[in-house]
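This report refers to the structure that appears directly beneath it.
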Amino acid sequence: MFHLDFVTNWINKFLQKYLIDGWVLLVEFVLIAFVILIAYAVLALLLIYLERKVCAFFQCRLGPTRVGPWGIFQSVADMIKILLKELIRINKVDVCLFHLATYIVIIASICTFGAIPFDKGLHVVDFNIGVFYLLSVSSIGVVGILLAGWASNNKYTIIGAIRSGAQLISYELSCGLSLMTVVMLSGSLQLSSIVEQQSCGWNIVRGGIPAIIAFIIYLIAGHAETNRGPFDLPEAESELTAGYHTEYSGIQFGFFYLAEYLNMFIIAAIATTLFLGGWMPLHIPGWNLFNEVMDFIPSILWFFVKTFICIFLALWVRWTMPRLRIDQLLNLEWKILMPISLINIILMAFWIIYL
């Protein structure tokens, strides 16, 4: 199978040939930061365009068509517009926390993004506690949201921030329990190790019914963590104007907007990594010719195809389901998803021991 690890190995050997160790490390850090930021921005623009087209499809429209062929540059035009907008200074806000909140949200998203293994050797960090790292770092974003609501000194932003905090903290529990079933099945917390163990079968297949239940719960809880419909109560326009980022404008609003789309990608990428084999191809036992053909497809392409299928499911849910009330949203977590997740961990233990 074709992997991209030879590219990173070649760059490392090339730098070691001409630079001392300290400079090699510095240059590699700069290159990694540059690539992450470029990939972050490009993925956000792509996801915005994809959502507009998917939304148009479900509403029997065409979507963006004017800027560039098939409207592909509409997201770029919108990005330029938002960068040129004025940063409006609001009276009676906590200036330090008001500005800090935007950076906390975006940094939490970038740190999580950097830990995702896109291909063999194509990840920034590969901790031996990778699953715990993802859960902990991705949870930092809620601090930025709470600060944004509080610092704005606005009743709508405070209500939106409190809703978002309650929602994220609640659904984080189901997310974590779902991922623990994969850890039990794989026997490892390291993301690259979990992916490589799926070379003989994806976890969603190897884990049977408990893995399927965990996958479904993770998709629901992960979608709720992104604050997107039908779980978009923190940004309910009819009640809270724009929720916790009502008072933000220009690039500061763009940071929240950017983080929302990248969080959607991160949730789908984690689902792909832990449940759908990551960069591993689809293999069917006994179908040797089919398996050989699948091996010719580049591994990074497998990763992105699976990830974008999960993203399409999230967009499908968003544009077809009505918004939940706050009591329905919390009842779904505490009375349905949480008990099922706890029972599912016991089921996975029995599956591992007896099957």
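Backbone N, Cα and C atoms are what each Cβ position is placed from, and that goes for glycine too.
Model, not experiment: these values are computed from the prediction.
The transmembrane segment annotation in Swiss-Prot covers 29-49 (among others).
Note on the transmembrane segment (96-116): residues 32, 36-37, 39-40, 90, 123-127, 130, 133-134, 137-141, 143-145, 147-148, 150-152, 191, 247-248, 252, 255-256, 258-259, 262-263, 265-266, 269-270, 273 of its chain, located 6 or more positions outside it, place their CB under 8 angstroms from a CB of the stretch. Taken from Swiss-Prot, the feature transmembrane segment applies to 96-116 (among others).
Per Swiss-Prot, the feature transmembrane segment maps to 129-149 (among others); the stated evidence is sequence analysis.
Taken from Swiss-Prot, the feature transmembrane segment covers 175-195 (among others).
The transmembrane segment annotation in Swiss-Prot covers 204-224 (among others).
Taken from Swiss-Prot, the feature transmembrane segment applies to 264-284 (among others).
What Swiss-Prot lists as transmembrane segment is 296-316 (among others). Cβ atoms under 8 Å from those of the transmembrane segment (296-316) belong to residues 1-4, 47, 50-51, 54-55, 58, 118-120, 122, 219, 223, 226, 228, 264-265, 267-269, 271-272, 276-282 of the same chain, restricted to positions at least 6 beyond its ends.
Here the transmembrane segment (335-355) has Cβ contacts under 8 Å with residues 171, 173-174, 177-178, 180-181, 184-185, 207-211, 213-214, 217, 220-221 of the same chain, all six or more residues outside its ends. Residues or ranges marked as transmembrane segment in Swiss-Prot: 335-355 (among others).
Away from its own ends, the transmembrane segment (175-195) comes close to residues 115-117, 120, 123, 126-132, 134-135, 203, 206-207, 210-211, 214-215, 217-218, 221-222, 225, 270, 273-275, 277-280, 338, 341-342, 344-345, 348-349, 351-352 of its chain (Cβ-Cβ under 8 Å, at least six residues beyond either end).
Ranked by number of Cβ pairs under 8 Å to the transmembrane segment (264-284), the listed stretches 29-49, 129-149, 204-224 are led by 204-224.
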